[in-house]
Every structure is written in C-alpha cells, then in structure tokens.
Amino acid sequence: MTINNYDYDYLIIGSGFGGSVSACRLTEKGYSVAVMEMGRRWKAEDFAKNNWNTRRWIWRPGMKLFGYFNMRFFRHVTIICGNAVGGGSITYANTLLVPPEHIWDEGTWADAADWKNEMPQHYAEAERMLGVTDNKIFGPADHMLKKMGEAVGVGHTFKPTRVATFFPPEGEEGGKTYPDPYFNGEGPDRGTCTACGGCMTGCKHNAKNTLDKNYLYFAEKNGAKVYEETKVVDVKPLNGKADGSDGYEVTTGCSSSWFNKQRRTWRVRNVIFSASSLGTQEMLFRLKQSGSLPNISDDLGNRVRTNAESILGVRFFGKDVDMSKGVAIGSSIYIDHDTHIEATRYQSGSDAMGLMCTYMAKGKPGWTRIFFWLWALICHPFIFLRMSNPVSFARQTLIFLVMQTADASINMRLKRNWFWPFGKVLSSEGKKLPVYIPQANAFTEKVAKMFNGHPMTTITEILFNVPFTAHCMGGCAIASSPERGVVDGQNRVFNYKNLYVVDGSMLGANLGVNPSLTITALAERAMSYIPAKHTLEEQAYTQTHNEVLEAAKVSA
C-alpha cells in the first residue's frame with residue numbers, strides 16, 4: 001500500500017488542547033489531517049446569555065441538549081469537561097499555569113525523558129501561541145481574596161493568575177475589536193476583555209484565547225478538515241497488520257442524532273487519540289475489549305488523578321455585592337505549602353451552578369457531616385434556605401477552587417453496573433479521593449466569619465463524600481514500559497505503530513495546578529518528534545532505491 005491510498009495521513013480524535021496542537025503542527029509539516037469532534041462549533045454570538053439555557057449550555061445529546069459543558073458522575077468523583085470544536089478551551093476557566101518542577105520526578109513518567117531540560121522550551125511556545133499573560137483586571141472577588149489572605153497571614157502569596165485573555169490597552173474600556181494582535185496579522189480579529197466574568201459560559205466578546213483562535217485556526221488555515229458532531233466508534237488495523245504498521249480503518253458516526261448515525265469509514269496512516277482523559281480512556285477500553293486494539297496495555301485506566309481538588313466558597317448576601325466581575329479565575333493565594341486557592345467566578349445571571357452548592361457544615365467526611373448539615377438546617381433555617389437558593393449565586397459568591405499536590409488517584413474500568421446491566425459503562429474503582437481538605441475548610445469558615453459571609457461547599461461533598469473536579473488527568477499515562485503506562489516518552493501507544501495519545505490522559509503525576517498549559521506543552525513536545533512529511537518520503541524513496549540496488553546485485 002502506498003500513502004496515496006489513505007484518506008488522510010493523520011486522523012485526530014478530539015479538538016481540545018492535545019488535538020488542536022497536533023493538527024496545527026502536523027499541517028505545518030505537510031501532512032493531511034482530519035479532526036473528529038463530537039461537539040459543535042461555537043461563535044461568540046451563539047453562546048447563551050447565561051447557563052440557565054441548558055439546551056445551549058449542557059452537552060447531553062441523548063437528552064437533546066447540545067451545549068458544550070459536560071458533567072459526568074462517578075462513585076468517586078464528579079468530573080466536568082467540555083465538548084465542542086476547541087474542546088475544553090471553550091468552557092475552561094482560561095487559567096494557564098506552569099506546575100512545580102518536582103512533578104517530573106514523580107509518577108510513572110519520571111524515567112521516561114529528561115523532562116526538566118526539555119519542557120521549558122515547549123512551555124514557552126505554548127504560552128506564546130495561547131497568548132498567556134498576567135491577569136490585568138482585578139474584580140471584587142480578587143480584592144476580597146487578597147484581604148482574606150492578609151487576614152490569615154498569607155497575603156504575601158497573593159498573585160494574579162496567568163490567563164489567555166486579550167486585555168484592552170491601559171485606560172481603555174473593553175469590548176473594542178482589533179486586528180489580530182498575536183500572529184503578525186495572520187490570525188483572526190479579536191475583541192478586548194470586558195471583565196464580564198463569562199469565561200466559563202462562553203466568551204461573547206472574542207477576548208478569550210480559545211483554541212479555535214490559535215492552534216486550530218491555523219490548522220484549518222493550513223488544510224486540516226474538522227468534522228464536528230462526529231463520534232469515532234471503531235479503530236482497527238488495516239490489512240491484517242495487528243500492530244497498525246499499515247495504518248488504520250476508522251469508523252465514525254453522528255454524535256447528535258438518535259437514529260441517523262451516518263456511518264462512514266476512513267483509511268488513515270496514523271491515529272491520535274485526543275478525546276480528553278475520560279473520552280480517550282473509554283474509547284480505548286471499548287476497542288481493547290472488542291478486539292479492535294486488543295494489545296493496549298493492561299495499565300489502561302489506572303491512576304486517574306484530580307489535583308486533590310475541592311470547590312468551596314463564601315456567599316455574601318446584599319444587593320450591592322457583585323463578585324462576578326473579572327476573568328473567571330483572576331488571582332490566587334497559598335494558605336500553606338501544598339494548598340492553592342484560586343478566586344473563581346461566573347457571569348452575573350449564570351446561577352445554575354448554585355444548585356450544586358449548599359451551606360458548609362462542620363464535621364469529618366461521612367455520616368457525621370450529614371448530621372451536622374441537617375443540624376444547621378434546624379438551627380439556621382433562614383440562612384440555610386438562602387444558601388440553597390441559586391438566584392444571584394454568581395453575583396454573591398466568591399468561589400474557592402482549592403487544589404493540592406497530594407498524590408491520590410482512582411482507577412477507571414469499563415464494566416456493567418448493577419443498576420444498568422444493558423451495556424458497559426465507564427466506572428470508577430479504588431480508594432476514596434480526598435474530599436474534605438481540613439486547612440481549606442478551616443480557612444473558608446474563618447474568613448466567612450471575619451468578612452460577614454457564609455461558608456459554602458458542594459452538595460455532593462456533603463451528602464455523598466464525592467469531590468468535584470474540572471481536572472481529570474491520567475489513565476493512559478506516559479511511562480518507560482507498558483507495565484507502568486499506556487504510551488512511551490514520545491506519546492506512542494505501546495505495542496502499536498502509528499498510534500498516539502495526546503491529551504490529559506497522558507499525564508503521569510498530579511500537577512497541583514490547572515493542567516491545560518502542561519497538556520499543550522506536552523503536545524508540542526510530542527509533535528516535535530514527528531518529522532516533516534517530505535523528510536519521510538525522501539527516506540522511503542532512499543530505502544526503496546537501496547533495496548532495488550541490493551536485489552540487482554543479488555541477481556547479478
């Protein structure tokens with residue numbers, strides 16, 4: 001088979017940070033690229049006014065909800081992710097941080113590469129492409145977090161977040177449109193940030209540097225084809241070559257239709273899984289169990305991490321309060337060496353997440369905390385009910401996104417659950433993840449009392465002892481052998497050729513910070529190992545020519 005028999009050189013599953021970077025760099029190297037994305041393409045004018053419009057916010061196609069925000073519930077954790085052209089960048093909080101250096105000495109990837117020497121250049125390129133800068137707009141939530149830090153003696157740790165936002169020039173109001181400010185005029189026109197707080201509900205001002213404005217934009221400009229609302233249902237090696245050395249046959253269908261699945265088959269030379277940590281794990285489990293890719297490492301699904309995360313906050317009642325102004329995450333403090341707290345907000349009117357929050361009760365995780373929660377309802381029914389009312393939640397609430405570097409993980413498996421025996425579903429196993437972070441809860445209660453607010457947590461934490469996370473990592477970890485991970489130090493799937501994993505599932509340790517920048521930098525690194533197409537063709541020609549000469553010598 002020759003390369004001309006393929007529909008594409010590379011087929012990429014997913015258009016998030018890993019997929020968009022891969023598409024951009026591969027098209028630059030001359031390859032033909034297809035990107036399969038389950039979600040829809042969104043423009044600034046398409047986003048809903050607020051997140052009460054569930055049909056345009058939640059992604060649940062089986063219920064005819066075609067938004068971009070996905071929430072998946074497991075026994076051990078509730079995971080938030082994004083489904084859209086541009087992946088999680090459409091709905092993430094726009095925060096891009098470099099993790100501490102020690103993470104490269106930990107986990108499965110420690111001996112897979114010389115990370116500390118290699119990664120700085122890739123972080124720098126990722127920051128350049130994503131337009132990362134210090135937050136320049138401090139809203140009331142940021143000023144309040146600074147006061148809180150000072151009140152408990154950690155004010156010196158307060159700092160602005162690093163965000164991918166196009167801010168207005170000093171002294172100018174946001175909302176003005178400019179020609180591309182990042183790529184010498186080669187990129188799209190951009191609008192400046194208005195500090196509306198709507199980063200996580202879709203930026204309506206073209207100020208958020210989502211992937212469709214940088215990596216994916218240039219990938220399409222260079223010829224990549226993005227197939228939206230398309231789900232990959234099968235990937236199997238071509239021509240009976242079990243290791244994929246001849247490429248793969250990929251079957252796709254429509255992700256948004258109940259009945260008209262629009263099945264289609266593609267012949268491709270290489271496949272890159274970039275479907276998010278959960279999406280890639282689930283897909284590889286199904287392909288392994290169905291026999292399409294049976295030699296995927298048995299380590300698949302192991303050590304899924306969450307940044308040891310917790311969502312807390314303080315709610316301030318009153319008409320004059322407005323914590324919604326600013327970027328989604330504008331500042332942070334460290335309350336101790338391991339515990340990082342970020343000031344987080346939603347746009348005014350986007351109060352739907354308030355349904356997931358409740359009054360913070362004292363006590364340790366488990367039934368005693370439920371008892372204290374019910375006792376609070378009896379003792380303070382008026383405050384309790386106000387805390388449970390989502391109306392004005394975004395304006396009144398300073399949300400704390402708490403993260404730690406503590407290494408805790410669960411395992412994912414594809415199996416039949418007792419309550420749904422009709423098909424296999426992705427399920428969590430292992431020890432409980434840390435939910436109750438004592439120092440973070442103590443800080444929240446203390447500053448709430450000091451600043452006349454009320455401490456808040458999530459209802460899943462109180463009732464089910466289950467944490468929330470937007471940072472699902474691992475499950476297809478980078479490692480030096482298939483006994484310890486799923487991909488090698490260059491993101492190549494063990495036991496296969498021409499098969500890669502480039503997304504959050506590749507992370508081999510707990511980062512302790514928002515992972516998007518690290519995923520981007522690792523994707524840059526993975527693509528740097530793939531030579532330009534013309535180089536491969538020259539090598540193939542030389543090899544064929546040499547083989548012909550050798551054959552001629554033998555026959556002579």
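Placed from the backbone N, Cα and C atoms, the Cβ positions cover glycine too.
Feature list (source: Swiss-Prot):
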type     : residues                                   : note
BINDING  : Gly18, Glu37, Gly88, Ala93, Val235, Gly504 : FAD binding site
ACT_SITE : His471                                     : active site, proton acceptor
Largest tally of Cβ atoms lying within 10 Å of a Cβ, found at which of the binding-site residues Gly18, Gly88: Gly18
Gly88 (FAD binding site) - helix vs strand vs coil (DSSP): helix
For Gly18 (FAD binding site): DSSP state (helix, strand, coil): helix
Sparsest-packed of the listed binding-site residues (Val235, Gly504) - C-beta count within 10 angstroms: Val235
Other CB atoms within 10 A, centred on Ala93 (FAD binding site): 22
C-beta crowding around Glu37 (FAD binding site), within 10 angstroms: 28
Shortest C-alpha distance to the residue listed as 'active site, proton acceptor' - which of the binding-site residues Gly88, Ala93, Val235, Gly504: Gly504
His471 (active site, proton acceptor), number of other Cβ atoms within 10 Å: 25
Site diameter for FAD, Å, by largest Cα distance between Gly18, Glu37, Gly88, Ala93, Val235, Gly504: 33
For Val235 (FAD binding site): DSSP state (helix, strand, coil): strand
